[in-house]
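Q: First, the structure itself, so that you have it in front of you.
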Amino acid sequence: MSSSSWLLLSLVAVTTAQSLTEENAKTFLNNFNQEAEDLSYQSSLASWNYNTNITEENAQKMSEAAAKWSAFYEEQSKTAQSFSLQEIQTPIIKRQLQALQQSGSSALSADKNKQLNTILNTMSTIYSTGKVCNPKNPQECLLLEPGLDEIMATSTDYNSRLWAWEGWRAEVGKQLRPLYEEYVVLKNEMARANNYNDYGDYWRGDYEAEGADGYNYNRNQLIEDVERTFAEIKPLYEHLHAYVRRKLMDTYPSYISPTGCLPAHLLGDMWGRFWTNLYPLTVPFAQKPNIDVTDAMMNQGWDAERIFQEAEKFFVSVGLPHMTQGFWANSMLTEPADGRKVVCHPTAWDLGHGDFRIKMCTKVTMDNFLTAHHEMGHIQYDMAYARQPFLLRNGANEGFHEAVGEIMSLSAATPKHLKSIGLLPSDFQEDSETEINFLLKQALTIVGTLPFTYMLEKWRWMVFRGEIPKEQWMKKWWEMKREIVGVVEPLPHDETYCDPASLFHVSNDYSFIRYYTRTIYQFQFQEALCQAAKYNGSLHKCDISNSTEAGQKLLKMLSLGNSEPWTKALENVVGARNMDVKPLLNYFQPLFDWLKEQNRNSFVGWNTEWSPYADQSIKVRISLKSALGANAYEWTNNEMFLFRSSVAYAMRKYFSIIKNQTVPFLEEDVRVSDLKPRVSFYFFVTSPQNVSDVIPRSEVEDAIRMSRGRINDVFGLNDNSLEFLGIHPTLEPPYQPPVTIWLIIFGVVMALVVVGIIILIVTGIKGRKKKNETKREENPYDSMDIGKGESNAGFQNSDDAQTSF
């Protein structure tokens with residue numbers, strides 16, 4: 001047999017083997033899809049029941065259903081790993097196997113998987129049920145939603161915002177801290193079991209794309225693209241930041257630095273994520289009609305159902321389908337009135353079997369009106385790819401899913417659209433001033449959140465990589481917050497806190513970079529859809545409602561789900577394969593030009609050294625080695641606890657003796673910041689149970705003076721090795737003369753004048769006496785040699801005796 005015949009037979013054999021492998025894989029996937037949909041639905045339904053009725057019973061049922069789904073998925077994942085991807089030629093089969101070969105948390109042992117689920121459920125419960133009590137009215141204890149969110153959205157009282165902000169992090173964040181530490185360890189272990197470097201690397205894997213002709217994209221490119229686009233956006237953000245800072249100085253004149261960072265609790269919501277609620281304080285042209293239509297919605301009697309009905313009308317107007325009957329029957333669109341504890345954070349649910357729902361404690365506001373469009377955008381995406389195989393029912397990447405609803409929000413927020421649905425009056429006229437008002441409102445929501453998102457995810461990526469030890473989580477968090485976002489903590493936080501986990505997405509295990517990438521994508525999509533709608537004009541004025549051409553172009557992309565590389569799906573809509581920030585910058589260009597003009601005489605950027613509590617802080621410097629030599633001990637967290645407790649003791653003593661008040665200061669009321677390795681730091685003191693009441697520095701100094709010796713003795717140091725800079729180094733208060741300094745000086749001068757007069761008088765008397773003596777006979781003792789210093793005291797004139805002045 002010729003060599004060519006052998007080659008032909010070999011190729012046939014290989015092709016036959018590949019065909020059998022692919023056929024077996026296809027059969028396996030068909031069986032998986034049928035069984036997976038049922039088990040996934042039961043798990044999702046149990047999760048829905050828990051999120052809409054938080055009870056121990058529902059938590060247990062959710063855990064049981066999740067365990068069944070996890071066990072099934074683990075088994076199927078192992079089977080999928082037996083198929084060689086090199087032998088699979090059909091792309092859609094290969095993509096499903098690739099997805100299933102990633103076993104997720106099933107890669108952990110059964111015990112660790114159970115532990116991880118318990119941690120996640122506990123964190124979710126703490127977040128959803130956490131309460132903060134008003135220090136001025138301890139009986140008034142508020143959930144985040146509704147309650148604290150209202151304070152953070154509307155209050156302009158600095159101290160009210162502060163106790164809500166701090167209380168949420170103290171009550172919830174501190175409880176989450178040990179759980180989040182365990183979560184990081186287990187998630188990293190899970191990621192490595194799935195052949196990723198860490199959990200951040202695992203998350204970024206969602207952006208990987210394989211495909212011919214340049215559609216490839218690796219997860220490291222995501223980091224590069226995020227860094228690149230953020231650098232392009234930063235100048236716009238810096239000018240927005242400078243403008244907002246100047247406006248906030250009008251509302252909080254004593255609490256804002258004209259060159260410093262912005263206090264985190266003044267930025268519109270609990271996290272400073274969206275600055276939307278700052279619009280009333282920063283509106284450029286307040287005399288113009290209000291483009292925030294909240295009042296119009298209230299006056300017209302809108303409710304939650306009306307909000308979602310209007311959102312549905314928008315999607316239908318571009319040719320997308322109505323919501324299902326089950327959606328309206330099963331969704332939770334308002335907070336239940338029956339007292340159930342629920343997770344209010346808005347989420348869209350694709351439970352499977354055509355069951356689509358939204359969970360949201362809707363309020364009648366423009367912000368919630370736009371949020372409804374966003375969440376319904378998720379549902380539209382879910383419905384569009386519902387015919388894809390189970391494993392491909394997802395967005396092209398996570399950012400695509402978030403972007404779809406945001407596209408609709410861009411159009412729904414335009415004055416043109418609001419006018420068309422009666423939320424702006426028919427005689428509303430757009431001009432350059434209303435244009436700037438509109439763009440600023442959009443920027444507060446869209447541009448203001450980008451550094452927040454970027455910085456949060458960068459911090460988590462560094463934590464998962466082990467680049468930030470857990471002993472420095474909060475220190476690094478606030479350093480990065482100051483440097484990247486230009487935001488400063490209103491109170492210093494030590495390592496007992498877990499401020500990142502005070503955000504829903506962190507405590508509930510969501511990747512967050514999706515909210516950054518979605519913002520870039522949404523403007524790319526918007527530009528392309530406006531072109532499809534044959535719109536000519538400024539991008540920020542485009543409203544694609546009623547354009548079925550735009551809707552069909554979008555639907556084509558949505559229907560793909562995750563069956564194609566996201567780079568290809570993006571190209572199908574926008575004609576490009578990568579993130580491009582230019583459409584976003586074009587959208588905001590008129591505002592950017594205006595902001596630069598407004599900021600001509602303002603400092604643009606921020607000084608990271610400034611803090612709201614700097615004026616009341618006292619610096620401490622400790623010299624252990626110079627004081628104790630070989631006996632010097634290490635300054636640890638325990639030593640810091642002892643220091644704070646000692647100051648708390650001093651404050652109790654001072655208030656008891658000087659003010660005749662019993663005030664139960666604790667170590668937690670002594671706020672320490674800026675700890676340096678050479679042992680120096682700052683501290684100030686707040687009232688117990690009321691963080692917004694800062695004790696004046698002068699009173700803290702008096703308390704330290706009163707107890708200085710006791711504090712020194714605790715650490716075996718003295719005034720020179722335990723320095724309170726600015727406080728006199730003595731056990732007693734500095735000497736205060738009983739009369740003023742000028743009076744003392746005047747007295748000294750007058751005394752010298754009197755003494756001078758006396759000397760002149762005495763000298764005159766002596767001179768006269770000497771003249772009289774020359775008339776007497778010669779002194780018999782003139783021949784005596786007195787050069788040797790001898791004198792006869794018996795004959796010394798009493799007036800010549802030496803007397804000290």
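Glycine residues also receive a Cβ, built from the backbone N, Cα and C atoms like all the rest.
Remember, predicted model here, so these are calculated numbers, not experimental data.
Below, the features straight out of Swiss-Prot:
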type	residues	note
ACT_SITE	Glu375	active site, proton acceptor
ACT_SITE	His505	active site, proton donor
BINDING	Arg169, Trp477, Lys481	chloride binding site
DISULFID	Cys133-Cys141	disulfide bond
DISULFID	Cys344-Cys361	disulfide bond
DISULFID	Cys530-Cys542	disulfide bond
CARBOHYD	Asn53	N-linked glycosylation site
CARBOHYD	Asn536	N-linked glycosylation site
CARBOHYD	Asn546	N-linked glycosylation site
CARBOHYD	Asn660	N-linked glycosylation site
CARBOHYD	Asn690	N-linked glycosylation site
MOTIF	781-785	motif 'SH2-binding'
Q: From the centroid of the CB atoms of Arg169, Trp477, Lys481, the recorded chloride site, which same-chain residues not already listed sit within 8 A by their CB, in sequence order?
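A: After dropping the recorded site residues, what remains is Ala264, Met474, Trp478, Glu489, His493, Tyr497, Asp499, Pro500.
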Q: Could you measure between Cys542 (disulfide bond) and Glu375 (active site, proton acceptor) for me? Cα positions, answer in whole angstrom.
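A: With the alpha carbons as reference points, the distance is 21 Å.
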Q: Which of the recorded positions Cys133, Glu375, Asn690 has its Cα nearest to the Cα of Cys361 (disulfide bond)?
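A: Sorting the recorded positions by distance from Cys361 (disulfide bond), the top entry is Glu375.
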Q: List the Cα distance (Å, whole number) between Arg169 (chloride binding site) and Asn53 (N-linked glycosylation site).
A: 24
Q: Out of Cys344, Glu375, Asn536, the recorded positions in the record, which is closest to His505 (active site, proton donor) when you go by Cα distance?
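A: Spatially nearest to His505 (active site, proton donor) by Cα position is Cys344.
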Q: Looking at the disulfide-bonded residues Cys133, Cys141, Cys361, Cys542, which sits with the largest number of other Cβ atoms within 10 Å of its Cβ?
A: Cys542
Q: For Cys141 (disulfide bond), just give me the three-state DSSP call.
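A: It is in a strand.
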Q: Please report the three-state DSSP label of Asn690 (N-linked glycosylation site).
A: strand
Q: Hey, what's the Cβ neighbour count for Asn53 (N-linked glycosylation site) at 10 Å?
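A: There are 16 such Cβ atoms around Asn53 (N-linked glycosylation site).
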Q: To the nearest whole angstrom, state the Cα distance for the pair Cys133 (disulfide bond) and Trp477 (chloride binding site).
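A: Taking the Cα atoms only, Cys133 (disulfide bond) lies 26 Å from Trp477 (chloride binding site).
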Q: Using the alpha carbons only, what distance in Å do you get between the residue listed as 'active site, proton acceptor' and Cys344 (disulfide bond) once rounded?
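A: Just about 13 Å between their Cα atoms.
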Q: Closest of the recorded positions to Cys344 (disulfide bond), Cα to Cα, picking from Asn53, Cys141, Cys530, Asn660, Asn690?
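A: Comparing Cα positions, the candidate nearest Cys344 (disulfide bond) turns out to be Asn53.
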Q: Counting all other Cβ atoms within 10 Å across every protein chain shown, which of the glycosylation sites Asn536, Asn546 scores highest?
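A: When each Cβ's neighbours within 10 Å are tallied, Asn546 leads.
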